[in-house]
Amino acid sequence: MASDQSDSTLAASEKRSSSIPNAEKPITEIANHAPTANEEEADIPIEGAAAASDLSPARSHSKRTTSGHRASIRRSRSYDEGYGFTSMGEYEEAPKREDEEQAPEKEFEVQWDGDNDPMNPRCMSKARKWMIVVIVSAGSTCVTCTSSMYTLTYDQITVEWHVSRVTATLGLSLFVMGLGIGPMVLGPLSEFYGRRPIYYVSFFFFLIWLIPCALSKNIATEIVARFIDGVAGSAFLSVAGGTVGDMFVRNELQAPMMIFTASPFIGPPLGPMVAGFINQYTTWRWTFYVLITWSAVMLGLIAAFVPETYHPVILRHKAVKLRKETGEEKWKAPIEVMQKSILQTIIRSCYRPFLLLTLEPMCLNLCLFSAILLGVLYLFFGAFEVVFTDNHNFELWQVGLSFSGLLVGQLLAIATNPLWHNNYLRLANNREKNGGEPGGSEPEYRLPPAIAGGLLVPAGLFWFAWTTYPSIHWIVPIIGSAVFAAGMLLVFSGIFTFLVDAYPLYAASALAANSFARSSFAAAFPLFGVQMYNKLGFQWATTLLAFLTLVMAPFPYVFFKYGRRIRGTSRFASGR
């Protein structure tokens, strides 16, 4: 899938909204290492912009600032299963003790007005919250669906523009690269200006750049428009998960996050299923007309029903209102007094992921594993057409429906989320019984889904490889692809949540590293996929991919067993 998106600790304003009825307060623990000078610049995702779909307790590492407040650096989970990340941490006021005097500047700091502040997104009605969840989830599906719908236009555009299939495939590759690059800029910007402006601007440009995709007269225009479209669409994969986290307290998060987590994964297999019928019975341009219509509807729904939900920005609006009403210029929101540079934040968001990939063996190997899997998925967009057309004489609409196995496999894997959540709680409880601190856990407890998925992935690929004979019914290799897809999703889930747990100060950069690696492989693999299948044969081409994933499969288990020891010597990872 595309990078993406998005996608479990709540972020800095979790504390502020904990006064809302039924909110669960985070369990915190003090870090066992001395604070470093770099901690103030830690790029923790905040306001839920990157957190997991499980609801385990948050850990926070705290230190005192010169003003006597506590800089809270909480472990973050990946809300959107690693599709999204943001990069800016923020200072959070520590709970006030009775023997402490109120700092003068805090007297005019704007906060929520009790349990029922109408400006607080967590005070919205449940119906409105769920409507917003459905809209942003549909937006994520629309973006990732756009990446794959294009793949079934090849037969027509190669003839119309007299280009090779490899040249046509660049439209897919560059779109996916855009999805990987865009969040490095759009994520940080959302934390200065809010979610809503980023949605407006990015989705508007996403819609606009679909128009030249539909009307282009040559492949160069198509490729350039696709790349810019990918960059614009990436906002929903880097920001939308935060919107969900902004609205729900921790004990309400699991259901909405399961919906949002599934949405970007549904897009890639859904795209060919729809595009197969379009390109079978009409011109390829209708593929983009459909996407333009869908995107226009989404933009309208966003404008009408998705408000600003990012807590620091809403508090800034509240501060502006208070200054107008009272004439007192001392009223300030926390975000207004932060010493943060937009340019520095974006630069840090761009270079730190590569630092982690270079210096951290755990990050490098796990990112490489997930990158190979996404590369294989995107390679299948070309391989399926070759396999099922040659072996089973599928028409184009039938080739599109052959991707239903991938979709079913992913949905089955998502349905196992409660099983892995319970297993995580079991491991954490066992740790506590063996002398660990109450509410604590280890990042390695996130890896069991990846261990299981690491077994399913090569099994599914071997299954698919050796059932691609004309004499074997077409449903058999499709079932094999479902096994692969289920394993792939489990690997993604385990790796994403492990990265943000193991690198609590650099969680956003770890997810950015993963997103960039996945997008790079997803862009490269389709360029040689069809040639590889024609050269090696259907069976051995897929077997080669299976062996590649088999080599990577042990890494989640190795880090589950020895990750704590490795983290103890790491420059970036938590040593706990």
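Cβ coordinates come from backbone N, Cα and C, glycine included.
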Among 166-186, 502-522, TrEMBL marks as transmembrane the stretch 166-186
Averaging the pLDDT values of the domain 'Major facilitator superfamily (MFS) profile' (132-564) gives 89
Top stretch by Cβ pairs under 8 Å to the transmembrane segment (396-416) (candidates 130-154, 362-384, 472-498) is 472-498
Near the transmembrane segment (130-154) in space but 6 or more residues beyond its ends, with Cβ under 8 Å, are 1-2, 4-6, 80, 83, 165, 168-169, 171-172, 175-176, 179, 199, 203, 206, 210, 226, 229-230, 233-234, 236-237, 240, 243-244, 247, 256, 259-260, 262-272, 274-276, 278-279, 284, 287, 290-291, 294-295, 298, 301-302, 305-307, 309, 378, 381-382, 385, 396, 399-400, 526
Tertiary contacts of the transmembrane segment (472-498), defined by C-beta under 8 angstroms and 6+ residue spacing from its ends, are 7, 52, 54, 77-78, 81-82, 265, 269, 366-367, 369-370, 373-374, 376-377, 380, 387-388, 391-392, 394, 402, 404-410, 412-414, 416-417, 420, 443-444, 446-457, 459-465, 511, 514, 556, 559, 563
